[in-house]
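Visitor: From TrEMBL, for reference:
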- 9-123: domain 'Response regulatory' (DOMAIN)
- D58: 4-aspartylphosphate (MOD_RES)
- 242-272: coiled coil (COILED)
- 281-526: domain 'Histidine kinase' (DOMAIN)
Amino acid sequence: MGTLIGNAKILVVDDDPNLRKTLSDILRVKGYANIVAGTGAEALAAMEQDKIALALIDLMLPDMTGLEVMARIKTVSPLTEAIILTGHASIDTAIEATRKGAFSYILKPYQMDDLLLNIRHGIERQHAQEEILRLASHPRLNPNPVIELDLDGSVTYLNPMAEKLFPNLIEMGLKHPVLAGVEELFGDFREGRRSEVVRELMVEGTTFEKHIHYVRESNLVRLQLLDISERKRAETEARVRLEEVERMNARLIEMNSKLEQAQSQLLQAEKMASIGVLAAGVAHEINNPVGFVNSNLASLRDYVNDFMDILDAYERTQAGLPEKAGYFAEVNDLKKRVDLAFMKQDVTSLLAESLEGIGRVTKIVQDLKDFSRISVEEKWANEDIHLGIESTLNVISNELKYKCQVDKTYGDLPRVECLLSQLNQVFMNLLVNAAQAIETHGTITIRTGTMGDQVWIEIFDTGKGIPPENLKRIFEPFFTTKPVGKGTGLGLSVSYSIIQKHHGRIEVESNEGKGTIFRIWLPVKQPA
């Protein structure tokens, strides 16, 4: 730690206790002694007790503004530098802060590296000001160039270093580049609007910090030039490093975007794999209603043919009346042969069954379409979780109905902000796993409820349970205990990622031989 840092004490003035403590701790770690204050009054009291090199002052304080605090600090300790921190920026405030003597003006939330750099430069300036005052009474001994001139613009004194660096300064007077901009300050000095100004100056490749100070007692303007070339080089290096960090950050954002795309593709791949596992059952579910629809339609075709025969007979009868009354016998024979009364009743029933079967097929296909929808197309929306569970149960009904009974105890859930098709994938993974864990016949219980601003979904099976050594690994990608071809090992890993994406959590409890409970917690509203 350098002597400059080690001897400098910083005052942190902020009414936010958490921010105050955090900043104090960071400064202490960086080697800066510091004290804290929550109000302007506390800050001014601290100034009476300690020598403060630099004050970090929040613009908005409960008892006075940060600018008022800074002005009163400058009255007590003119050499103390001040950095104004604010979350409510305006150009006017920044100008006013600078005019009143603030070293810098930093917006919240600030970058800590930027703040620490400003703190270091502020302390360097405070140290330089002290050094200027110390050497002011012995300008010949000052290793930095010192120039004095009166308010008429005449150069009255150059110390040896100034004479060495600027041999023609007295001859050129205010036209010399070193004195550029000094004359315009004379009015402010005379009127007492300011007593000191700091500017930068470049001379033959060397960067100086030009301290222009009005000495009222002698009515002179004293300039001292401090070589800050090393500091400027450090700032340039810091800026280059910052640009490199920004480039790396942009690259990181790009890589993160690609990772999200890959995760989305993985999610869809797992979804398609899950549908592949269910394909046989879904085909069976569709084939059943399609089978009886086909059968019914075949019967309807025969009935319609018979109806056509009867209608033909009636037409012939009508055409032949009254001369050919014998046609009535043919009509009556046909009616008996085809059982017209039964046909009329059965046609209605067959059509109703066919329509119901087609409805089942349509529902299964729609549920499959909803389930397999590409996730990137889906928008966050307030959804009914129970509808999602029911839709999933319909898709996987063939996986469940021969092995287990499904009991449902639904609570009164609000609509949940979510991506429902992704949650349906979680429900399907857990329900299919539950069914596969049941070896003969068992029960799957689905319960839902709310707690505070969260909803929970619980899926309990009476299957064989999960061994303890596997329980801690079930959410790992590609971990599976199923035979080859029975699972990808991605189902629970993807489910875990989906719940994390929803800012929720998933819990599991299992006892071998008794069963397993998966419990999902989801916020009703996603955080902003």
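Placement of Cβ uses the backbone N, Cα and C atoms for every residue, glycine included.
Keep in mind it's a predicted model, so treat the numbers as computed, not measured.
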Visitor: How many neighbouring Cβ atoms, not counting its own, are there within 10 Å of the Cβ of D58 (4-aspartylphosphate)?
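Guide: Around D58 (4-aspartylphosphate), other Cβ atoms within 10 Å: 24.
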Visitor: I'd like to know the mean pLDDT over the domain 'Response regulatory' (9-123).
Guide: 88
Visitor: When the domain 'Response regulatory' (9-123) is classified with DSSP, how many of its residues are helical, how many are strand and how many are coil?
Guide: 55 helix, 27 strand, 33 coil
